[in-house]
């Protein structure tokens with residue numbers, strides 16, 4: 001598998017697979033985000049998800065793929081720091097604002113920043129059509145947040161804080177996308193990087209944060225349903241993060257990042273189907289614009 005992945009990097013086959021991986025990641029990430037914003041405390045849910053995918057990845061990292069080189073260990077340390085900051089800000093935003101507002105702001109902030117950074121770091125070039133598609137995706141995603149914002153009933157101060165946290169989380173999303181792409185491209189074996197990413201990211205911080213939070217609660221939630229949610233989230237996390245990282249190794253980082261933001265369309269559908277959130281004509285039009293922007297990015301190169 002590793003040799004095959006390496007053999008199609010930068011080829012037409014690699015481009016097609018990267019597109020499929022990015023869209024698969026988008027669907028998984030929308031489901032992943034919905035799990036974190038469900039009825040459980042987002043800090044607890046994140047801890048349950050992390051410990052599940054960390055434990056599942058550990059034997060694979062130890063016994064299936066080669067161990068990281070000393071330089072790759074240093075890169076993985078940076079991965080841990082960036083992702084810890086991202087998850088911390090995301091959980092803070094989710095505790096202050098609705099999922100349907102926070103999630104689109106995070107995802108809408110990221111594409112333009114990521115494409116600019118990919119150009120600077122990896123010397124990627126976007127055509128005017130692709131830039132138009134990127135702008136359309138970001139505009140429509142932020143439009144979804146604006147539409148959803150009208151239904152918010154929380155205090156204005158809490159809402160402003162949630163929006164600021166969501167925007168900062170979007171910037172960190174761009175940062176981890178670029179840094180992860182650098183790491184997986186540096187690694188001789190892409191799956192070594194992925195396996196150790198899930199171990200370090202999963203076991204390093206949030207399970208301990210969640211445990212400390214659980215111990216402080218007066219009415220402690222039953223851990224069994226929470227861990228079931230964590231197991232589901234862990235499996236989705238493998239797809240969500242693993243697929244997009246492989247896509248950034250195979251093809252342009254910017255294209256993979258923008259295509260992944262179609263997760264907002266999937267998130268709106270999940271909110272409508274499972275969280276009983278209303279989807280009217282305005283949201284439908286905005287979701288169509290996101291899809292149109294993704295098409296421009298994919299086929300405008």
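Numbers run from 1 along the shown chain.
Each Cβ is built from the backbone N, Cα and C atoms, and glycine gets one as well.
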>> Tell me which of 95-118, 191-214 corresponds to the transmembrane segment entry in TrEMBL.
In response: 191-214
> Excluding the flanking five residues on each side, which residues at least 6 beyond the ends of the transmembrane segment (47-65) place their CB within less than 8 Å of a CB in that stretch?
Replying inline: 32, 35-36, 40, 87, 189, 191-192, 195-196, 198-211, 213, 226-227, 229-231, 233-235, 237-238
> Is it the case that the transmembrane segment (191-214) and the transmembrane segment (282-300) have 3 or more CB pairs under 8 Å, with pairs at least 6 apart in sequence?
Replying inline: no
> By Cβ distance under 8 Å, which residues at least 6 away from the ends of the transmembrane segment (12-35) in the same chain are close to it?
Replying inline: 45, 49, 99, 103, 229, 232-233, 236-237, 239-244, 246-248, 250-252, 255-257, 259-267, 269-271, 274-275, 298
> Looking only at the domain 'EamA' (17-144), what are its DSSP counts of helix, strand and coil residues?
Replying inline: 108 helix, 0 strand, 20 coil
>> Below 8 angstroms Cβ to Cβ, which residues of this chain, lying six or more residues outside the transmembrane segment (71-89), approach it?
In response: 46, 50, 165, 168-169, 172-173, 175-176, 179-180, 182-183, 186-187, 192-193, 196-197, 200-201, 204-206
